[in-house]
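Undergrad: Take this structure, written in structure tokens, and hold onto it; I'll ask about it next.
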């Protein structure tokens, strides 16, 4: 029945199964399409890191790029070098991997092998042609990064063998950039190519690395100072982030936008290095002064036309600047400028001696200027007609900063000449690799607060015109104050020293021959030089020599009393609106420069003086300290007769109210997202890459903690060594004192035997050697116990535990000594009662004389023993074990003597008592003096021992705490390394799974 029921149930189950969803499924398992698709490059990198050469070959056959780089710029060869996979390194190099491929920070595979200390990989890479002089973004070669001595020796030998100049290799990038910048300046157009990933330009690289000469040339070539990369960073962002003060100053003097924000809403202040924040704020105040004066004055434009003949006799000084000077005389609020004027006069007196030599060269350079005149005039006419079709650039003070949104240079970024491409490939640390930015300073949450604080600071100051660069002159005092306080130090990359005067002269010749006459913009030094020239010429040549058109520095208006204000009206050049206004005014307001014919003599003198000022400034730079203000080089357009100096200097005026400034400066940006910014993500990836480079995943904090623990262990070792030396000295002292005591005890025993042989009977003779033997045995046992305790601390232990064991041994010996002291005190207390009996008995002896007189010999012996007691009292600095051994001998002999006396007293032999009394009385005196001094010694030594015990207990607790901390650290490090290993293993397994799935899919 049961079987039938079971079969029936089974049949019912089969009927239900037929037609069910499971039955309808096909026997072959359907493969679902994988939703996750990995990049081919990521699959290739995962295969290389796993060491699967067959898979790597298959991927290469399918067209995978062997030089594919991840987000950090690391290639498979980099990763193989970091992982110490020699086979994969050889496999990749044999299959055509670029052995000198740099990552985002300029590290080539040899850098990675050198930092990790893999000698075999480094030797193989060098044998295959790796460049030992390659420099990363921070200016480090593989030799600089190497830490192990063997690696340093290998790389140094290779550098010597190849004859590589390390310093030249470090400056190679700047040299290449200088060459390119000169070519662009001479050709008149810029062939810069943005970095493929970051979008960085040559101006970004020069600003971030502090290449000031390159920066000046690029700005002189009309490079846009506000150009942005793909993250929205301007060159000022880069210079501020990497702490390059000189680059920041040059950019601000050329009127870059200091309020420009990147893609995540950060200004240059938000990403700046902490050390230069104050300097940036000072620069912003000075730039705001320029902008505010420009806005408030809005001085009228002057147009005047005249022919060449009239210009030769008329004065050319009556132009826009003299009108502004006349307005400045009536202005009421120029007190702040008067302070700066006084400072400038003091500096001018200091520089008179250096100015005199350049003034003498003025006449010599005039003939040279006449030869260049024809070329410059022809070029100037073409440039002025070209600029008329665009928004008018500001040509003031030799500053060629494009101020309109349009770029002032043709950007031919699509095609590059083959020579340029070859040079790019050859350069080992090419600046076109770009810079990596980190968001380590200036989080998104701080942006709004920093902007509000900046608005409040800037609203209080007077704002100055954009086209009059007053920064360089007004920064002189600040630069000198900085020299007194100590120069600021940049922390990112080494600052390249300035060019010498010879190279600057070559640059000037190249610039004059190829393009419109390039004149260094007037710094405060150039302004003082011009004023000295004016004074000298006014004394020698008369008023007509004052009419030469000249470069004017930003501090114009401070010395208006020195200048002639009643000049005859003459021809002048039309002046464009300022750079600050070009952003706010409509395009129609931007007038073009209408060039007029000027005096040939004026043109000659202006070019001569301008060139002289440039040479003076370069010589000044060469002799000055590194923080001295350098002069940015920029071209000015020379007319058919006169230099068009589009100077719109404005001085005082009513300062706009803070509310107007805030309205004008209010930010209308969209609110920033709370998500992680690109710069923060890059910062985290950089940190992860640093931990990947070292195979153990050790971070900087771990290294610092390790150094601290090493320092502590060294200090404990030195302590332990000192303790061991002290113990050795104590042992030597103990041995010497024991030998002396043995000798003294033997001599005393001999004396006693000789002196008392007549009176003391045979029982006492039998007893005496036993007492001495017990005393000596007790001393030997005590000394052996102490020596064994001290020697136990000298066992072979690890260094970290020596201090603890020695402390334990010291405390053990001290405890044993304390126990011995307690026993002796108990013995003393036991003896106090018989002592009092003897004292009562003593006057009876004197009262009842038995006819036996005291020996004179006894008194002599007492004196000797007093001397010995005093000697013992002076030796209080002896160790505890020695004092205890001496104390034991005395106490044992005394106690045995007491027992013997009591036994003889009971026997009642009067004759023996009478014979024994002299010795007893002498022994009692000896006992009383010995015990007092010994008791005092023991008390003092007990106090010392208590203090030492307290110290050792404190040391012991400290050592226990340190031991617990070290064990916790080791456990924490072990856990951390395990977690990192698990993460890596899981990540690699995911990559492998994804790669295998994709390969299976392709196979299917």
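Here, residue 1 is simply the first one shown, and the rest follow in order.
Using the three backbone atoms N, Cα and C, a Cβ is placed for every residue, glycine included.
Pulled the feature table from Swiss-Prot, pasting it below:
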type     : residues : note
REGION   : 35-38    : region 'Important for interaction with PPP1CB'
REPEAT   : 72-101   : repeat 'ANK 2'
REPEAT   : 105-134  : repeat 'ANK 3'
REPEAT   : 138-164  : repeat 'ANK 4'
REPEAT   : 198-227  : repeat 'ANK 5'
COMPBIAS : 291-300  : compositional bias 'Basic and acidic residues'
REGION   : 291-920  : region 'Disordered'
COMPBIAS : 318-329  : compositional bias 'Basic and acidic residues'
COMPBIAS : 336-353  : compositional bias 'Basic and acidic residues'
COMPBIAS : 378-392  : compositional bias 'Polar residues'
COMPBIAS : 464-475  : compositional bias 'Low complexity'
COMPBIAS : 528-538  : compositional bias 'Basic and acidic residues'
COMPBIAS : 682-692  : compositional bias 'Basic residues'
MOD_RES  : 695      : phosphothreonine
COMPBIAS : 717-765  : compositional bias 'Basic and acidic residues'
COMPBIAS : 770-793  : compositional bias 'Low complexity'
COMPBIAS : 812-837  : compositional bias 'Basic and acidic residues'
COMPBIAS : 838-849  : compositional bias 'Basic residues'
MOD_RES  : 850      : phosphothreonine
COMPBIAS : 864-880  : compositional bias 'Basic and acidic residues'
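I'd like to know what surrounds each of these features in this structure.
TA: Residue counts of the region 'Important for interaction with PPP1CB' (35-38) by helix, strand and coil are 0 helix, 0 strand, 4 coil (DSSP-based).
Distant neighbours of the repeat 'ANK 2' (72-101): 44-45, 48-49, 51, 53, 56, 60, 66, 107-110, 112-113, 116, 118, 120-121, 124-125, 128-131, 134, 428, 685-686, 689, 692-693, 695; these residues of the same chain sit at least 6 beyond its ends, with a Cβ under 8 Å from one of its Cβ atoms.
Confidence for the repeat 'ANK 3' (105-134), expressed as mean pLDDT, is 93.
For the repeat 'ANK 4' (138-164), the residues of the chain that approach it from at least six positions outside its boundaries are 105-106, 108, 110-111, 113-115, 117, 119, 122-123, 126, 132, 170, 492-494, judged by C-beta separation under 8 angstroms.
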Undergrad: Looking only at the repeat 'ANK 3' (105-134), how are its residues distributed among DSSP helix, strand and coil?
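TA: Its residues divide into 17 helix, 0 strand, 13 coil.
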Undergrad: Write out how many residues of the compositional bias 'Basic residues' (682-692) are helix, how many strand and how many coil, based on DSSP.
TA: 11 helix, 0 strand, 0 coil
